[in-house]
Amino acid sequence: MTLHSNSTTSSLFPNISSSWIHSPSDAGLPPGTVTHFGSYNVSRAAGNFSSPDGTTDDPLGGHTVWQVVFIAFLTGILALVTIIGNILVIVSFKVNKQLKTVNNYFLLSLACADLIIGVISMNLFTTYIIMNRWALGNLACDLWLAIDYVASNASVMNLLVISFDRYFSITRPLTYRAKRTTKRAGVMIGLAWVISFVLWAPAILFWQYFVGKRTVPPGECFIQFLSEPTITFGTAIAAFYMPVTIMTILYWRIYKETEKRTKELAGLQASGTEAETENFVHPTGSSRSCSSYELQQQSMKRSNRRKYGRCHFWFTTKSWKPSSEQMDQDHSSSDSWNNNDAAASLENSASSDEEDIGSETRAIYSIVLKLPGHSTILNSTKLPSSDNLQVPEEELGMVDLERKADKLQAQKSVDDGGSFPKSFSKLPIQLESAVDTAKTSDVNSSVGKSTATLPLSFKEATLAKRFALKTRSQITKRKRMSLVKEKKAAQTLSAILLAFIITWTPYNIMVLVNTFCDSCIPKTFWNLGYWLCYINSTVNPVCYALCNKTFRTTFKMLLLCQCDKKKRRKQQYQZRQSVIFHKRAPEQAL
């Protein structure tokens, strides 16, 4: 005579439904077992009774009180940190406009998935571990599994989207960034969630209806179609190993591209310093004259430097020898020198900008110098090579074209009666804007045709050169800022990817081992591995804070409740500025 408990026992005091059994074998007990009620060591506090299906109704699942306290405390802290951290991410995105970038939209989606895991998955799985059985019924079990797997797979899909976004942003900055809008980011995020839902939710919720029966035993909770190790192995390959492989390859490409751009920027800065030194006009003695030989030597130096860098430079050389009446006119030679340098500087800036946009075409820069007597337009336009220069023969008076195909000679009269033979090397400059010379000369015969530029004075050419160097420095600064942003984004991606691999790998390794040896891994290891996957949701907000200063300062502001103080300080500052303005207004009126 023995006793077995009803399956619907209370958690603390079970409702005992006694039945008398005439033999020990009827109860599944070994022979010789005393089948007297008093022979059982019944603990009313623990309620250790076995149901016919073999499940245990012990609310502590065979754990001691201290074990339960430790498990509940540790998992509770992790769940709380996960919830708070991801709520901080969502609220920070809401309150700080600086965080509303396309890249952070993906992080926002990832934070939503992590928040679901922290609120639902962690707590239910902890209850399952402590009680050592599922006590909430089949429907709650299937809903929990569906939410858990959809949110976890959405995290993986979001990481994939972030990796591809970073990769295309760095490798295709011109074409991809034009299409990289918040609307497109929302579409990508929506697709990640829809794909995750379609892959897991219907199969988990309705598989028992597809096959006609439910094979999950009472008191247990797992996905029915994953009961076969081979199916579990296949899902592990598709849900973890393939995404991790793709993300690792993409991150490696991102790292190599970032390193290459860093070297290019260093070379650009070095060439910029060298060009600035070479382009500086050094007066020699009492004259600033410069012969065509010196200009050709300078061009050869620049062409040699061109071979060692990725930035391609095209230079123009204009020189002339002053006539006997103009030997004392010091500014003529300096005009030639500075005109050469100004055009060269413009080409430098155009070439560096070409590297910035990552295009094979030449960026267009036009610098218009409106001078008292004339205006000069220097254009750097799209030309695939420097051999396509076409200059009208009527304007430049082409001489000896067959023998010297790389030089064009022309003569142009100016109002003081002097003439300047000009020699032009092959240029990537298409002279298409007529020079306005109405105030200065009688060269009206060139109306409607392209013409060569007039020589600039020393002061004017210096201004043009300074402007070109400033443009170059601005381009370099923009490239540096863009590179810094890309590095920060790559650091955030690397931290998230590393955390994902560390936390998800142990469980998926056990899945592979279980395919060949289903009894080699203890249940405790399974629980730890599964919980470690949840910890990834705890670590992600920490990665954002460590790698992004804006996130870090916003987190601090929210945790210290400084939002209202910041608004008040801003309002007080605006009020002070308004008072100062009103005080100064009467004084200025006087």
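Placed from the backbone N, Cα and C atoms, the Cβ positions cover glycine too.
According to Swiss-Prot, the feature compositional bias 'Low complexity' maps to 334-345.
Summarising the annotation, Swiss-Prot assigns disulfide bond to Cys141-Cys221 (among others) and lists sequence analysis as the type of evidence. Taking a C-beta cut-off of under 8 angstroms and a sequence separation of 6 or more, Cys221 (disulfide bond) has the following same-chain neighbours: Tyr128, Trp134, Cys141, Trp144, Leu145.
Annotation source Swiss-Prot lists disulfide bond at Cys517-Cys520 (among others), citing sequence analysis. Following the DSSP three-state reduction, the secondary structure of Cys520 (disulfide bond) is coil. For Cys520 (disulfide bond), the number of other Cβ atoms no farther than 10 Å from its own Cβ, over all displayed protein chains, is 10.
As annotated by Swiss-Prot, N-linked glycosylation site applies to Asn6 (among others).
Feature annotation from Swiss-Prot assigns N-linked glycosylation site to Asn15 (among others).
Among the features that Swiss-Prot reports, N-linked glycosylation site is placed at Asn41 (among others).
Summarising the annotation, Swiss-Prot assigns N-linked glycosylation site to Asn48 (among others).
The region 'Disordered' annotation in Swiss-Prot covers 323-357.
Here the disulfide-bonded residues are Cys141, Cys517, and the one ringed by the most other CB atoms within 10 angstroms is Cys141.
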